[in-house]
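**Q** Take a look at what Swiss-Prot says about it:
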type	residues	note
ACT_SITE	His159	active site, proton donor/acceptor
ACT_SITE	Lys163	active site, proton donor
BINDING	Gly12, Arg16, Met17, Arg39, Gly102, Thr103, Thr104, Phe129, Arg240	NADP(+) binding site
BINDING	15-17, Glu38, 80-81, 102-104, 126-129, Lys163, Phe243	NAD(+) binding site
BINDING	His160, Gly169, Thr170	(S)-2,3,4,5-tetrahydrodipicolinate binding site
Amino acid sequence: MHDANIRVAIAGAGGRMGRQLIQAALALEGVQLGAALEREGSSLLGSDAGELAGAGKTGVTVQSSLDAVKDDFDVFIDFTRPEGTLNHLAFCRQHGKGMVIGTTGFDEAGKQAIRDAAADIAIVFAANFSVGVNVMLKLLEKAAKVMGDYTDIEIIEAHHRHKVDAPSGTALAMGEAIAHALDKDLKDCAVYSREGHTGERVPGTIGFATVRAGDIVGEHTAMFADIGERLEITHKASSRMTFANGAVRSALWLSGKESGLFDMRDVLDLNNL
């Protein structure tokens, strides 16, 4: 990667998240907007990326072909859909480009493809790029070690009506952080739905509840409930800009890294706390 500014390409440039990513890339020192991508046939092709994001003219036009811009970026930032992200991953692996992946909803095969690609390129892959959420994940590990063996653990998440996967990637990351702290596998202890005559709560499980409504950016709560008291740890996002800033910060952090799979805890050095 280049020693000067890190040049980033933004996937899904015309979407809600894509526009925020463009704004964040233009604002962060050490980062240069190198390319912006949209799907073939989009009415936004040929638009100036900065003007599209409400940030003024940049001279970077929205393209549909990665081949056309492969010499214009060092790190590809992708918050799109799993199938599109995996296509972009193959291209970046072939051409030695770093990636920041904020796409959620991957199946196990998709996650394995990301792990495999990290043998050749540097990737930051996270369910949530908010600093606050990642601090919360660390707090959940600590709380689980103290309270997890004797409390009922529930994770409640809420997002806007347009979100297509459930539970959210962040909710799953919360469950994984708690399960890991308890030396469990989330696959063995997660309960994703309750309906009808369920019987009493099974001890040692981690429950998930999902809300989809309106324009909620993202709210997540983990509950450790006992008889007589409960601890709740909550994060609420009021703007997608917090995710965009974290993603662009991650792209900058990848400077000088040739390969490896990282997450926001690496970027923020939370593993040493």
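Glycine is no exception: its Cβ is also placed from the backbone N, Cα and C atoms.
Since the structure is predicted, the reported quantities are computational estimates derived from the model, not experimental observations.
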**Q** Measuring Cα to Cα, how many angstrom lie between the residue listed as 'active site, proton donor' and Gly102 (NADP(+) binding site)?
**A** 14
**Q** Distance check, please: Cα of Phe129 (NAD(+) binding site) against Cα of Met17 (NADP(+) binding site), rounded to an integer number of angstrom.
**A** 12
**Q** Under 8 Å between C-beta atoms and at least six apart in sequence, can you list the same-chain neighbours of Gly102 (NADP(+) binding site), or say none if there are none?
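**A** Listed in sequence order, they are Met17, Ile77, Asp78, Phe79, Ala126, Asn128, Phe129, Phe243, Ala247.
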**Q** Taking the Cα atoms as reference points, how far is Ala127 (NAD(+) binding site) from Gly169 ((S)-2,3,4,5-tetrahydrodipicolinate binding site) in Å?
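**A** Computed Cα spacing between Ala127 (NAD(+) binding site) and Gly169 ((S)-2,3,4,5-tetrahydrodipicolinate binding site) is 5 Å.
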**Q** Comparing the recorded positions His159, His160, which residue's C-beta has the most other C-beta atoms within 10 angstroms in this structure?
**A** His159
**Q** When you average the Cβ positions of His160, Gly169, Thr170 for the (S)-2,3,4,5-tetrahydrodipicolinate site, which other residues in that chain have a Cβ within 8 Å of that mean position?
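**A** Filtered neighbour residues, in order: Thr104, Ala127, Asn128, Glu157, His159, Lys163, Asp165, Ser168, Ala171, Gly218, His220.
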**Q** Including all protein chains displayed, how many Cβ atoms other than that of Thr80 (NAD(+) binding site) lie within 10 Å of its Cβ?
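**A** So the Cβ neighbour count for Thr80 (NAD(+) binding site) comes to 19.
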**Q** Say you check the Cα of Thr104 (NADP(+) binding site) against those of the recorded positions Thr80, His159, His160, Gly169, Thr170; which is nearest?
**A** Gly169
**Q** Which one is it: of the recorded positions Lys163, Arg240, which Cβ has the fewest other Cβ atoms within 10 Å in this structure?
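**A** Across Lys163, Arg240, these recorded positions, the one with fewest Cβ atoms within 10 Å is Lys163.
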**Q** Measuring CA to CA, name the entry from the binding-site residues Gly15, Thr80, Gly169 that ends up nearest Arg240 (NADP(+) binding site).
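**A** Given the candidates Gly15, Thr80, Gly169, the nearest one is Gly15.
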**Q** Measuring Cα to Cα, tell me the gap between Thr80 (NAD(+) binding site) and His160 ((S)-2,3,4,5-tetrahydrodipicolinate binding site) in whole angstrom.
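**A** One finds 16 Å between the Cα atoms of these residues.
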**Q** Tell me, if you would, which residue among Phe129, Phe243 (binding-site residues) has the fewest other CB atoms within 10 Å in the structure shown?
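**A** Among the binding-site residues Phe129, Phe243, the sparsest Cβ neighbourhood within 10 Å belongs to Phe243.
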